[in-house]
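> Mind having a look at this structure? Questions to follow.
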Amino acid sequence: MKKGIHPNYDEITATCSCGNVMKIRSTVGHDLNLDVCGKCHPFFTGKQRDVATGGRVDRFNKRFSIPGSK
């Protein structure tokens with residue numbers, strides 16, 4: 001491999017919004033702030049988050065729903 005053309009591969013700290021702190025290696029060069037991680041992601045925890053599904057989709061479904069279905 002050529003010398004001097006590859007980025008530095010350093011240890012950084014990745015901090016999740018749930019408070020989980022991980023030491024990882026990356027070429028980013030600075031610490032990361034994550035929204036979700038393996039300890040708080042709904043897929044891994046089995047818990048479902050409440051997500052507001054309002055707005056345009058609900059308005060569309062209400063407008064074009066067939067009476068008597070569901």
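Including glycine, each Cβ sits where the backbone N, Cα and C put it.
For reference, Swiss-Prot lists these features for the protein:
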BINDING   C16, C18, C37, C40  Zn(2+) binding site
> Neighbours of the Zn(2+) site C16, C18, C37, C40: Cβ within 8 Å of the Cβ centroid, same chain, sequence order.
S17, G19, N20, L34, V36, G38, K39, H41
> Around C40 (Zn(2+) binding site), how many other C-beta atoms are within 10 angstroms of its C-beta?
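So the number of other Cβ atoms within 10 Å of C40 (Zn(2+) binding site) is 17.
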> Which of these binding-site residues has the least crowded Cβ, counting other Cβ atoms within 10 Å: C16, C18, C37?
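Comparing Cβ neighbours within 10 Å for the binding-site residues C16, C18, C37, C18 has the fewest.
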> Tell me whether C16 (Zn(2+) binding site) sits in a helix, a strand or coil according to DSSP.
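DSSP call for C16 (Zn(2+) binding site): strand.
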